[in-house]
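See structure below.
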Amino acid sequence: MTCTIVVGGQWGDEGKGKIISYICEKDKPSVVARGGVGPNAGHSVEVDGKKYGIRMVPTGFPNRSSKLAVGAGVLVDVDVLLKEVEMLKEFNIKDRVIIDYNCGVIEEKHKEMDKSNSHLSKEIGSTGTGCGPANVDRAMRTLRLAKEFDALKPFLGDVSDLVNEALENGENVLIEGTQGTLLSLYYGSYPYVTSNDTSASAFASDVGIGPTKVDEVIVVFKSYPTRVGEGPFPTEMDVEEAEKLGLVEYGTVTGRRRRIGYFDYDLAKKVCRLNGATAIALTCLDKYDEECHGLTNYDDITEKGLAFIKEIEEKVGVPVKIISTGPELHQTIDIR
């Protein structure tokens, strides 16, 4: 039995979707439970050359034996969820998704409020998905819950019971986080943050398990960190430099161009401390050194790539255990 939490180490877009899907294929967890704020974060998963962008369904969906749970701490957009269930029907999603009875539900009024608020949309750079206003209503105890919506009835369940019973039965559980620690309402660069905490502790709470149940915390870092929206970015490079390095990316949810920077060892160390990291997953090593593209053996990593990995381990103090060398699941080095 192991309970593993996967958390973003930067401002989101670190490649958590690929890492989570890989771990699901390798470790075969019986339950993949999603924590995080809501549909304001997108994950990209590539399966057999086809790319899927999802915002509600847990990214462990390619593993057909896993139950896919959305914890009570997560906000649900009914339309987004139903569209994803339909989009992923070849993976038998409909019979595997469990939405907690007590998930809060984002309604159209929340999205309108999010988009019309100039402070959120222009100064903060909100995604406009209604999460912030919905969380305000939750705090005011006026937000409607999943159990009140007929469209969600086929998916309803008690996620906390599901996760805890799986662990008690000696099964593997994976808890997937969204966004990144540096967007945390409490530990990020306030006010340029999301509307809730995005640390490993928060994700455990979102799905209803206590801290003593967690065995592993894997923090995901991208070799070149990115950020969508406003806010400080200490190691940000200019657009010309990013283009010269071939680093042009766009957000899964907003479609906005991502700001790109150099790896920040000091912030990485702080993030690992905040999350109690037991391991690091490093993505886009092939962007740092294109000769590493597609590698699956640690001993084949180039001198340049290996030096980068060793520098991270020395300066951050946490071992790099999973390395992504391309978008496909098999383009991964795993030394856990």
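Along the chain as shown, the residues are counted starting at 1.
Every residue, even glycine, has its Cβ placed from backbone N, Cα and C.
Sequence annotations record features per position, and here Swiss-Prot assigns active site, proton acceptor to Asp13 based on sequence analysis. Under the heading active site, proton donor, Swiss-Prot lists His43. Marked as GTP binding site by Swiss-Prot on the basis of sequence analysis: 12-18, 42-44, Arg258, 284-286, 324-326. Residues or ranges marked as Mg(2+) binding site in Swiss-Prot (evidence: sequence analysis): Asp13, Gly42. Here Swiss-Prot flags Asp13, Glu14, Gly15, Lys16, Asn40, Ala41, Gly42, His43, Thr127, Arg141, Gln179, Thr194, Arg256 as IMP binding site. Taken from Swiss-Prot, the feature substrate binding site covers Thr252, Val253, Thr254, Gly255, Arg256, Arg257, Arg258.
Feature annotations (Swiss-Prot) mapped to structure.
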residue: Gly12; record: GTP binding site; CB count, 10 Å: 30
residue: Gly15; record: GTP binding site; CB count, 10 Å: 21
residue: Lys18; record: GTP binding site; CB count, 10 Å: 26
residue: Gly42; record: Mg(2+) binding site; CB count, 10 Å: 23
residue: Thr127; record: IMP binding site; CB count, 10 Å: 27
residue: Gln179; record: IMP binding site; CB count, 10 Å: 27
residue: Gly255; record: substrate binding site; CB count, 10 Å: 9
residue: Arg257; record: substrate binding site; CB count, 10 Å: 14
residue: Arg258; record: substrate binding site; CB count, 10 Å: 21
residue: Thr325; record: GTP binding site; CB count, 10 Å: 24
Residues that sit under 8 angstroms from Arg256 (IMP binding site) by C-beta distance, when 6+ apart in the chain: Val228, Gly229, Tyr250
Secondary structure at Leu285 (GTP binding site), reduced by DSSP to three states: helix
Three-state secondary structure, which DSSP defines for Asn40 (IMP binding site): coil
Spatially closest candidate among Lys18, His43, Thr127, Gln179, Leu285, the listed recorded positions, to Arg257 (substrate binding site) (Cα to Cα): Thr127
Local Cβ density at the residue listed as 'active site, proton donor' - other Cβ atoms counted within 10 Å: 27
Gln179 (IMP binding site) to Arg258 (substrate binding site) - Cα separation in whole Å: 14
Residue, out of the binding-site residues Asn40, Ser44, whose Cβ gathers the largest set of other Cβ atoms within 10 Å: Asn40
Nearest of the recorded positions (Gly42, His43, Thr127, Gly255, Arg258) to Lys18 (GTP binding site) - Cα to Cα: His43
Chain-internal residues, separated by at least six, CB under 8 A from Leu285 (GTP binding site): Ser223, Cys292, Leu295, Ile301, Gly305, Phe308, Ile309, Ile323, Ser324, Thr325
